[in-house]
Amino acid sequence: MPNCLKGISRLKLYVAIGIGGVIGSSLRFLLSFLFGTNNFSAFPWATLTVNVSGAFLLTFVLFTPFIKDKISPTIFTAITTGVIGSYTTFSTITVEVILVGKENVFYAFLYLFLTICGGLLCSFIGYKVAKSLKKEAIVP
């Protein structure tokens, strides 16, 4: 547990993150209906909007000093890990690229490349495995 969260009840923290998670995932679900893309459409506008806005929100919250100074560590974690974390995981990747890039630009681009390519590769593998299981389930 990070130092800023020492002394906070784990249960209180988990409940706060859980409540934040409900809010973030509900916002994501709501956006899919507002964009009319609650199924797989030609272009995933809702997902793109969520990922890009989530990247902005997480970076803004993490790097705006008065936000950290004005709210409790529990609420801060509920917002960052709970709300934004369930709203989008892409925002975490973008912040990590910035943090790594502050130390080593090459590693930042390597991390980004591996994340995107690794994610695509794993999605492809998952798709193939799912398709193969479906075929096996049909064949007696």
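A Cβ is built for glycine as well, from the same backbone N, Cα and C atoms used for every other residue.
Automated prediction, rather than curation, is the source of TrEMBL annotations.
Quick look at what TrEMBL lists:
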{"type": "BINDING", "residues": "GLY85, THR88", "note": "Na(+) binding site"}
{"type": "TRANSMEM", "residues": "12-36", "note": "transmembrane segment"}
{"type": "TRANSMEM", "residues": "42-63", "note": "transmembrane segment"}
{"type": "TRANSMEM", "residues": "75-99", "note": "transmembrane segment"}
{"type": "TRANSMEM", "residues": "105-127", "note": "transmembrane segment"}
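Tertiary proximity for the transmembrane segment (12-36) is limited to same-chain residues at least six positions away from its ends with a CB under 8 Å from its CB atoms, namely 5, 45-46, 49-50, 74-75, 77-79, 81-88. With a 10 A radius on its CB, THR88 (Na(+) binding site) counts 24 other CB atoms from all the protein chains. Remote same-chain residues near the transmembrane segment (42-63) are listed as 28, 31-32, 34-35, 76, 79-80, 84, 87-88, 90-92, 94-95, 98 (criterion: CB distance under 8 Å, separation of at least six residues from the stretch ends). Sequence-distant neighbours of GLY85 (Na(+) binding site) (same chain, 6+ apart, CB under 8 A from its CB) are ILE17, GLY20, GLY21, GLY24, SER91, THR92.
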